[in-house]
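S.K.: From TrEMBL, here are the annotated features:
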type: REPEAT; residues: 269-303; note: repeat 'WD'
type: DOMAIN; residues: 359-438; note: domain 'BING4 C-terminal'
type: REGION; residues: 476-526; note: region 'Disordered'
type: COMPBIAS; residues: 480-493; note: compositional bias 'Acidic residues'
type: COMPBIAS; residues: 494-509; note: compositional bias 'Basic and acidic residues'
type: COMPBIAS; residues: 510-526; note: compositional bias 'Basic residues'
type: REGION; residues: 554-574; note: region 'Disordered'
type: COMPBIAS; residues: 561-574; note: compositional bias 'Basic and acidic residues'
Amino acid sequence: MVSPVDSLFVKAQNTTLPKSLRPISPPPDNVPKHKHVKDLKLRTKLNRQAAHAARSKALVEDAELLLMSEAGKMQVETELERTWRIGQDDIVQGAGQEAAKGRRELKLDGGPYRSRYSRNGRHLAIVGSMGHVATFDWQTGTMHAELQLQETCRDITFLQDQSFFAVAQKKYVFIYDRDGVELHRLKAHIEPTRLEFLPYHWLLASVGNNGFLKYQDTSTGHIVAEHRTKLGACHTLAQNKHNAVLHLGHSNGVVTLWTPNIPHPVVQILAHLGPVVGLSVDPSSGGRYMATSGQDGIIKVWDCRNWKGTVREWTTRGGSAELEWSARGALGVAVGGSVNVYTKPSIQTPHVAKAPPPLYLTHPIPHRPLTSVRFCPFQDILTIGHNAGLSSILVPGAGEPNFDSTEADPFENKKARREREVKGLLDKIQPDMITLDPDFIGALAPPTKLTTAVNDTHDVPFARLPRLERLRVQGKADETELVDDDDEDAAEGDGDKNDKPQSRMEKEKRKMRGKGKSVKRYLRKQRKNVIDPTAVAIRAKLEKQREEKRVAKAIENGQVEARKPSALDRFRRP
């Protein structure tokens with residue numbers, strides 16, 4: 001007979017919390033406490049954020065200690081050898097049997113083709129311009145769905161996982177499930193050309209021939225934002241995975257950066273003298289570097305922190321190029337009839353000459369045009385879409401070897417996928433939190449310079465201040481006082497009378513003295529908070545006259561000796 005206490009003990013041993021409710025790690029010891037904050041609710045929120053930041057920092061340090069090995073790359077034995085001379089046959093022979101499966105050629109009709117991998121790198125979606133759509137598990141060869149839409153298709157992307165995918169068709173955007181069943185027709189997305197999905201915000205973004213950038217929440221079905229770019233049709237779209245900012249390349253050579261909460265581009269630069277055809281952001285550096293390619297055949301690498309110029313710039317053969325950064329910072333460039341791969345730090349090191357960086361790997365592809373370049377997550381595989389299908393090559397050292405199973409797990413089962421989907425939906429980030437600087441969210445606001453105190457009473461927003469106060473805060477206010485000559489004489493006379501108190505009538509009379517002079521009237525009209533050369537000259541002339549009067553009065557009183565005339569006075573300027 002089991003007692004109730006023993007039964008409770010057995011249940012406690014066999015019962016566990018769900019993964020979504022378990023603590024990630026114990027809280028660190030040295031967590032700063034915001035004891036100076038009087039608001040209890042705000043203090044608790046700040047302490048929680050500080051504990052989360054300290055825990056994340058400790059976990060990153062532990063990961064760096066555990067993952068000491070670097071991703072392997074091709075190495076040559078002598079200085080005369082080059083890695084780009086090694087072909088795919090030699091790489092396949094040197095790689096393992098499992099890694100060699102990534103080298104394949106898919107010959108398909110209905111191209112040119114574009115491809116997109118899922119977040120865990122396990123599933124692949126392809127779309128041809130003639131309407132052929134297919135999604136499958138490329139490792140096992142399991143086909144999920146295959147459609148023949150019989151119309152023009154321009155792009156494809158997975159949504160939160162491999163269960164749903166969106167296709168940019170001729171007129172609208174359509175969403176299909178894993179089996180290829182049509183679920184939604186998004187009529188708001190008219191003539192789409194490129195698609196992107198923001199996984200942490202559950203937003204499907206599209207840009208089309210009408211020049212509108214639209215965000216749609218896939219969890220609620222509502223249009224979150226709709227921006228008019230005013231730059232015509234757009235055929236280039238990429239996202240910065242670090243801060244979820246979308247980068248658009250336009251036909252006039254301009255690259256714009258967009259967020260859902262601002263109706264105008266947050267950054268706008270003239271990148272090329274012709275249309276922008278390729279665009280990608282480096283995920284390995286936290287979104288610091290952006291690569292662009294134009295119709296003029298020039299590839300440029302930009303530093304997204306200052307936008308003061310290109311870090312590296314070189315010219316390619318064959319015109320326009322398709323670009324893609326890998327998870328380890330390798331840049332794939334598909335141009336002409338070949339694919340070239342460049343690695344860092346050479347492509348991120350400032351170089352004055354317009355010479356191409358050292359080439360890491362190259363592979364010829366005879367099927368033109370090359371329309372897409374995609375690196376497989378957590379694998380050293382590069383997939384190129386072209387007119388005759390798709391080609392996948394091995395690029396040693398391009399993929400991230402260490403994955404986070406809470407973010408994207410290549411070996412997840414059906415139960416883990418459902419749990420991750422629910423947890424991702426609960427942790428969905430609001431679109432208003434997308435900014436260029438993601439560290440801005442949750443930080444204490446610095447004292448702004450656009451708020452000042454009027455009469456030392458209370459703070460007033462800068463936009464609500466009077467005009468004179470705004471100019472005074474900016475240091476542009478003209479606060480020079482117009483002192484009348486009679487007022488100065490009266491002030492000096494008051495000193496001789498031993499500061500005898502004046503009546504109110506005398507003060508008013510003295511205050512209005514000299515107001516009717518023409519020069520004073522002119523200066524009063526010109527007394528604006530704008531620097532006027534004429535008014536400045538008149539004030540200087542009046543100041544000079546006052547100074548001459550003071551000197552003459554001092555000579556009469558014997559305080560200053562009179563200056564003796566000289567023969568050189570005739571050459572003095574008046």
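Backbone N, Cα and C define each Cβ position, glycine as well.
Note that this is a predicted model, so its numbers are computed, not measured.
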S.K.: State the residues, same chain only, that lie 6 or more residues beyond the ends of the repeat 'WD' (269-303) and have a CB under 8 A from a CB inside it; answer 'none' if no residue qualifies.
M.R.: 235-243, 245, 247-255, 310-329, 331, 333, 335, 344, 347-348
S.K.: Count the residues of the repeat 'WD' (269-303) that DSSP assigns to helix (H, G, I), to strand (E, B) and to coil, and report the three numbers in that order.
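M.R.: Its residues fall into 0 helix, 20 strand, 15 coil.
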S.K.: For the domain 'BING4 C-terminal' (359-438), what's the model's average pLDDT?
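M.R.: Here the predicted model's pLDDT, averaged over the domain 'BING4 C-terminal' (359-438), is 92.
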